[in-house]
Amino acid sequence: MAAEKLRRGEDLTLEEAHDAASGMLGGMGTDESAELLSLLARKGETDEELLGVLEAVSEHSERVVPRNSGTVIDVCGTGGDGMSTLNVSTACAFVAAASGCTVAKHGNRSSSGCSGSADIFERLGCDLDQRPGDAASLLEDLNICFMYAPRYHPALAGIADARKKVGGRTVFNLVGPLCNPAGVRDQLVGVSSQDLLGRIPRILHRRGAGSAMAVMSDDGMDELSTSSHGSACILRGGEVYTERVDPEALGLHASSANELRIHSAGGAFHSFVAVLDGRAGRAMAETVELNAAAALVVGGISEGLADGIEAARVAIEGGAASDLLDRFVAKAGDPGMLREARE
């Protein structure tokens, strides 16, 4: 039925999209799944369809149950900007956590750049196959944990062939960053298209988020950047609105995208550590501060970006971010690998 409607160019209801996605995740054949994904992508997915697929993916996922009180947030990007820049979201997660946020970080390996969140955590010596209870304990003890997407969404492996057959972006690329295994709804999401900028906060609101923000830079980065002006679509108090972001008006220094570019996985890892240690160049440090500020706004720690930038800078320059990285690696990684990155 879903395929018939899509062939006619008709939108699916939330329930129809949910049932179609559940079928794909439950063992539907590769050809049938690929046709559904292609038809959805060709038509363009509605919010109802995204919500239906999102609910189905969440139902097929393994869960982490946070024991923390208060708001838990996630910081992630949709990826695909193709700019091979510093892994901002991972550094931002540590800075935000060191500034008072509780961050249940969900992520994967890089799809288009040199290094994704999972690549960074792997280089820290972390076990990407970590049990949900261990992730919850880290979150409780340190206010930060990492959940490797393939570990928590095993059903997605069953549609890998169908996604390859489609050959391009599918609905699962869009909903993946929103399927946090810890049930997090309040998120900072970096996007690389104007269409998603306005839609993601609305979708998260319908999923129960009280606060959320989607951000992008005018130069195409799927995060805020000091290399250009940017936009933030914000959910606050039940309202969704968009603001322009001028880094220089916030007291930051203009940079170029080249100053944020990374050329290897090793370079991405060393830059990540350097930012948290307060040793990175100004462009990288301030870009992370800007995005951490957005995370602090989502988490209710800071009222606005200016306050958040100051809090993030204190966390980096005062050593709290570096100390949190040390404690995280001591509990969940290999301190020797971190020492090597600092040599």
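Placed from the backbone N, Cα and C atoms, the Cβ positions cover glycine too.
Here is what Swiss-Prot records for this protein:
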BINDING   G77, 80-81, T85, 87-90, 105-113, S117  5-phospho-alpha-D-ribose 1-diphosphate binding site
BINDING   G77, N108  anthranilate 1 binding site
BINDING   S89, E223  Mg(2+) 1 binding site
BINDING   R163  anthranilate 2 binding site
BINDING   D222, E223  Mg(2+) 2 binding site
Reported as an integer number of Å, what is the Cα distance between R163 (anthranilate 2 binding site) and N108 (anthranilate 1 binding site)? 16
Cβ-based isolation winner (fewest other Cβ atoms within 10 Å) among the binding-site residues H106, R109: R109
Between the binding-site residues T85, S89, N108, where is the Cβ count within 10 Å the lowest? N108
Identify, in sequence order, the residues in the chain of E223 (Mg(2+) 1 binding site) that are 6 or more apart from it along the sequence and have a CB within less than 8 Å of its CB; answer 'none' if there are none. G77, V88, S89, C92, G190, V215, M216, S217, T287, N291
One should report the C-alpha separation between N108 (anthranilate 1 binding site) and D222 (Mg(2+) 2 binding site), rounded to whole angstrom, as 15
Per DSSP, to which secondary structure element type does R109 (5-phospho-alpha-D-ribose 1-diphosphate binding site) belong, with helix, strand and coil as the options? coil
Please identify which of G77, R163 has the densest Cβ environment, defined as other Cβ atoms within 10 Å, among these binding-site residues. G77
Looking at the binding-site residues T85, H106, R109, whose Cα is closest in space to that of D222 (Mg(2+) 2 binding site)? T85
